[in-house]
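In what follows, a single structure is set out as structure tokens and then discussed.
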Amino acid sequence: MPARVKLDKIKEIFGGTEFIIISLTADDVLNLSTLKKVKKLEENLKELKQIKKVKSPFSMHSITGKNNNLIIDDLIKKIPETTSKKQQLRQKIKNNNLVYGNLIAKDFKAVAVVGYLQKDSDDQLLLKKLNKIIDKSSEDERIYLAGMPVIRAKIASNIIYDIKRFMPSGLLIVLVFLYLCFKQLRGIILPFIVAVMSIIVSIGLASLLNWKIHLITVILPVALMAITNDYGIHIIAYYQEENYQQRSINEVELSRLVVRNLSRPIIATGITTIIGLLCLLAHIIVPAQQLGVLAAVGIGFALLASILFMPAVLSLLSKPKPVKITEKNNNSRSMEKMLFGISDFVTSYPKKIITAFLLVIILVSSGICLLKVDTNPINYFSRNSQIVKSNNIINKYFGGTSTISIVAKGDIEDPAVMKKIAKLEERLKEYKKVDQVTAISNVMRNINLELHNKNEKFARVPTTRNAISQYFLLYSMSEESTELVDFERRHALIRARIKTNSTTEINKIVDSINKNIDNSNQSSFVFIGGIGDLLAELVDSVVKGQVFSLTLSVISVALIVIYLFSSLTAGVIAILPLTLAIVTLFGLMGYFGIELNMITALLSSIMIGVGVDYTIHFLWRYRKEKKNRDSKAAVKKTLMTTGRGIIFNALSVIVGFVILLGSNFLPVKFFGFLVIISISGCLIGSLILLPAVCIIFEPEFLESSIADS
């Protein structure tokens, strides 16, 4: 990613930009107790191996002019104990732009200690040590911990917690569901074994490839548990159906019959799911690509196990007692009741059904215009979580934890270049969501002011090279001198803090700054970087990845269906339920305010790969039944037989993903919710819309026999 390259370049020139912030709030942070704690926090942070540098009011310097001399001294030499000393310190802080609003809030109700991290430090180990330090210091003051390393560490710990909960609960749910579906031990154990083996293969591959577990990876075992059951469910459902209808054949012949009639549609549905997942490779986000590969491998294994391992085991087991599955006596079981009702409804009102679906699509599609994109990891947590509260405190008092850094290149001592930096600094302050702006021009302005006895006429950057060189020489005596300018004075850094968690707003600010720089032909400013820029670029990456992977997966799935049925019309019809589900999905996301992020963006490829399975199974069985029946009778027969497997299949996915609703992460919760909505949409489309289309239009490719095809 270009933003990552720019961020690394900034680190190379100006040192590490990764930081954590510890903030203390009080009625007045200049009181004796609070300042002592700040001093202690600074000392404790300096002792940590993960921390390279610490900034606090005690480490900062004050720059004052006296008798045409510049005096650089410690901002706080001694903690003030009297009211007059406290007022003197308050005034010194107000005169220091590097501290006022940056390390001490402008209303003096919050103070911050900032720790800059060593390269490749362990986030989770750092968080443990920071929590120990904070626990010792927390008494009267409220202490808040924030920063991207803290967010990453919290995400990592929550990932482990989620996986530990999801695996056992997910497996238990799958077992219960399979029991309710088939009421036979083989119908429970065989699909379950296939699901477990596919998870082992997938996670084992991740370990072999040395791929890390990311937030996105949380959904991998859940997705495999839900999806890999599908093929086994169709096999068991058809096995039970044929076992009831053809009681004279033995277990070997029964297994052969199942493989002969189901292997082709199952392979086709498996391939569409695999291709849908591999379309995630179109995403620029590496964890999304890895998820696509791992899930595709797991499902590929499950596909092979379902058509080879399961029939082999079934052929070795004696035939079970037949389970009664027929369109007759439809009142005997709730499933048959429902399927009979659906088939009766579809065959009675096909035109009205198609019209109703068109109206629903038009109505729901307007919600797509309301869809927002967000990639800020702080928004993965609920508003009431401590990490969000801490982040909000930083946004309120110190201008936020997200920064935009603009790098200027050239002769920084040139007055013309310094003037450009000063203009950009002022322009950045005009943005509503930009709070604190730090630049070398501000330092030069303050030095100029101090050396001229605070005469406001000199509250500007120097106009001569000689003056700027002299000021740099004086400023180099402080530790902060290398933060904003490199040693050779060929690069300068303008840093702006953004007080919002919305990456949509950050993206707008970054775009606006880029346009301003381009329009003013400011060649001195070579690029914009920082965490804010990275988050903004992720927004574009998520949108582009979503559009590309969605388009690619729809086209790929359509081509497979066209090949399978040897008909272009088949491809068009196959994407009808998918279109319904896609429009419903994004429309409802817009209406409910669910953002498109790095996790929810994965949904469409998964949904298309899984959702088309129901269409293929319906069309395959319908074509067989159409040989000796009219359209309405064929629809009824298909729904009363294959409809059972389709419903079990969809419910397996829905039930499997329900456990995601208990996740610690909002995007994962929303992902689970959206899977339920989208798969339900695919199911409704396949059982209601698709049969109605077959009755009204009677596609030619469904008139030929399977043997002829």
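A Cβ is built for glycine as well, from the same backbone N, Cα and C atoms used for every other residue.
Copied over from TrEMBL, here are the features:
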type	residues	note
COILED	31-92	coiled coil
TRANSMEM	166-182	transmembrane segment
TRANSMEM	189-209	transmembrane segment
DOMAIN	192-316	domain 'SSD'
TRANSMEM	215-239	transmembrane segment
TRANSMEM	266-286	transmembrane segment
TRANSMEM	292-317	transmembrane segment
TRANSMEM	353-373	transmembrane segment
TRANSMEM	547-565	transmembrane segment
DOMAIN	566-696	domain 'SSD'
TRANSMEM	572-592	transmembrane segment
TRANSMEM	598-620	transmembrane segment
TRANSMEM	646-665	transmembrane segment
TRANSMEM	671-697	transmembrane segment
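Segment contact holds for the transmembrane segment (547-565) and the transmembrane segment (572-592), given three or more CB pairs below 8 angstroms at sequence separation of 6 or more.
Ranking 189-209, 215-239, 292-317, 353-373 by CB pairs under 8 A with the transmembrane segment (598-620) puts 215-239 at the top. Distant neighbours of the transmembrane segment (166-182): 188, 191-192, 195-196, 218, 221-222, 225-226, 229, 233, 236-237, 240, 323, 648, 651-652, 655-656, 658-660, 662-663; these residues of the same chain sit at least 6 beyond its ends, with a Cβ under 8 Å from one of its Cβ atoms. By number of Cβ pairs under 8 Å, the transmembrane segment (353-373) is matched best by 572-592 from the list 266-286, 292-317, 572-592, 646-665, 671-697.
Tertiary proximity for the transmembrane segment (572-592) is limited to same-chain residues at least six positions away from its ends with a CB under 8 Å from its CB atoms, namely 357, 360-361, 364-372, 550, 554, 557-558, 561, 600, 603-604, 607-608, 611-612, 614-616, 619, 674, 677-679, 681-682, 684-686, 689-690, 693, 699. According to DSSP, the secondary structure content of the domain 'SSD' (192-316) in residues is 109 helix, 0 strand, 16 coil. Long-range contacts of the transmembrane segment (215-239) within the same chain, counting only residues at least 6 positions beyond its ends with a Cβ under 8 Å from a Cβ of the stretch, are 155, 159, 162-163, 166-167, 170-171, 174, 178, 181-182, 184, 186-187, 190-192, 194-195, 198-199, 202-203, 206, 254-255, 258, 261-262, 265-266, 269-270, 273, 285, 287-288, 290-291, 294-295, 298-299, 302-303, 306-307, 310-311, 314, 377, 380, 598-599, 602, 606, 610, 613, 617, 644-645, 648-649, 652-657, 659-660, 663, 665, 667-668, 671.
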